[in-house]
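According to TrEMBL, the protein has these features:
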{"type": "DOMAIN", "residues": "24-82", "note": "domain 'RGS'"}
{"type": "REGION", "residues": "131-150", "note": "region 'Disordered'"}
{"type": "TRANSMEM", "residues": "287-309", "note": "transmembrane segment"}
{"type": "TRANSMEM", "residues": "316-334", "note": "transmembrane segment"}
{"type": "TRANSMEM", "residues": "369-390", "note": "transmembrane segment"}
Amino acid sequence: MSGDNMQDDWATARKNRLPSFTEVLSRRTRPPVDLFMFYLFLQREGAEDILDFWLDVQQHENLCRAYFKDVRKSGRTIRDDWPQYWDYARRRGSIYGTVVGLNPSSAAGMQTKRSTASTGEMLTQQEKDNLAGLGSTSPRPMSPQDPFDAPRSTTPFSVGARTPMLFNKRASRAPTVIHRSQAVTRQDLIRSAEHIFYKYLSPANNTIDGESHEIYLPPSLRIHSFPLNSDREPRSDQEQALMAQIPDMFHVQKEYCFHAMEQDAFPRFLRAKAFGNLTPVSALVRLVAGLIILWIGLATGFSLIFLDVHPKAKRFFLFIPFTLAILFLISHQYELDPVLILFNQSESTPFRTLSIKEPYVKKLLVGRALWVSMLVAACTVALTLIFWAVPGKRL
């Protein structure tokens, strides 16, 4: 089944509801509430780095799954190929329990619905390269501590840690891309984890083009150092033990970022895109244009009254500036332009539009566009009749 047909099936299942955050991350939604639009929304707020971190960790976990599958396809078991990881996963649990052949019950705590549902499709490199402009904010400082394991609730990578959902830092550009021209090796896993750590979690080395990409994490979830080196294989027992933590290393942080986005940014994204079709910049331009045109219409109307211009029916032409002014002002207030809805368009970036393809969102926007149109018509008629009814008096 093609991707378009699958999206059509998913959209049909959502005829009477808005999409969930999991559906957006797994690219089961269509514009204007798809993953690409959510990335643009976060980028306008200077918060796209947290989504980049989630995507990079998802790619890292996919890479680990590919490694485990390659091992099993070669006829070996994970227990024989990587005994340190097998022991670590058996004792502490792992999100890859079913992939590596552990008892499913031992990994049940780590196999959350969201992490499995969102596996797979993500923003492509080309899509993210087309996104221009990155803001920056000052990252929160981290205190130095032991390798990998900052204090956690029970086990280093359990999903049970509950902390306040703060969403006030940003993260970076593109997911880690691993070309599968050959089998995945453990060095590839180290390289992927090293990339994520130094890009998002290290306060000293996570700048790209002079911009910081460190994301905020609560103290219990911070990772303060990365003692492994992707340029050489781990040799000592301590390095081998640390290496065993690489596959599950960022899963708790990823879940924290998921909940932070789901509770903070995603509801605002739905309000912006499911109930409106304008970007803040475009809405502001409409406000300025509406005030200017309204001033012109009022100045013309008062001139016709105080010059006592005849015939009086000429005042009806005031409906033209009044209609434009009120349309722009109400469009700014609702962040919705009914003219764009008429052409089934929603803005992605200021003054650039794309087609609305999500059925329920289209239904909501059409309903709001009808209300805005009736409001514009009522205000225009009232204002035009007032200026028509006022008797002329030449000064």
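Backbone N, Cα and C atoms are what each Cβ position is placed from, and that goes for glycine too.
Keep in mind that TrEMBL annotations are predicted by a computer and have not been checked by a curator.
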Counts by DSSP class (helix H/G/I, strand E/B, coil) across the domain 'RGS' (24-82): 42 helix, 0 strand, 17 coil
Tertiary contacts of the transmembrane segment (369-390) (same chain, 6+ residues out, Cβ under 8 Å): 301, 304-305, 312, 315-316, 318-319, 322-323, 326-327, 330-331, 334, 336, 338, 341-342
Local confidence of the domain 'RGS' (24-82) - pLDDT mean: 93
